[in-house]
């Protein structure tokens, strides 16, 4: 299709939803919505006088609309008029994440033009080299810049918006490219490499102080999207844990992390990558916990953050 139009003059068959009012609420909310909205304006050219959001890059525009609607669901009910009637819900359904196939197909076509997608995966590459190759690749750089707009630390960082952008970034690229970025590494004193790694891995937009790993698991189990990903991750990577204990924390406490075999196959890597952009990807800690909670917390930290599975 040639372009995507979003015209923020809004009507509804049931009630009028003023999208401009939603925009004002978003900008003034102080909850990080403004940084996501600014990224929408940049990607979709909303603020260009007379352009009325004729997006030159529909993939980038649709991607950031998806992030906005994922994190601020009130925008999904916004009904807009162009030549006919459209809505953010319709846009998401037709071109974005509610119907993954279409956005994936459009993105796959884009990635098909990328030289990166044709490279064979090599383990433990330098994050500085990986970052440089992405920036020099037109397709990868577009996707990376969209993600960095939302995860920027120049303004107040919106953790939830950043997580949604990380999800979109890593789940809409070829598996080989995602592996290359996620499993890149740095030698200890290479500061440039470590800065590149932090950018690729969303570390500048982190929760401070980090939550306990026990809290992360419990919060994840209360969230449907996260719970599904966690269940898949355990079944693909840590079958021994799932088979022996499932969700029985008393049983989990009896496991010793050194005796936990990890499958480390392609399905496990895919499940691990799928965790990125959820609370399972957040840094967590086991410091300052009562001694009785330490073993279980350390087990969860090992499962979520140990790279021994993929070394």
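A Cβ is built for glycine as well, from the same backbone N, Cα and C atoms used for every other residue.
Noted in TrEMBL for the protein shown:
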DOMAIN    127-205  domain 'GDNF/GAS1'
DOMAIN    213-309  domain 'GDNF/GAS1'
SIGNAL    1-19  signal peptide
Seminar exercise, completed: Reduced to three DSSP states, the domain 'GDNF/GAS1' (127-205) has 54 helix, 1 strand, 24 coil
For this session: Check the domain 'GDNF/GAS1' (127-205) for me and report the mean pLDDT.
Result: 86
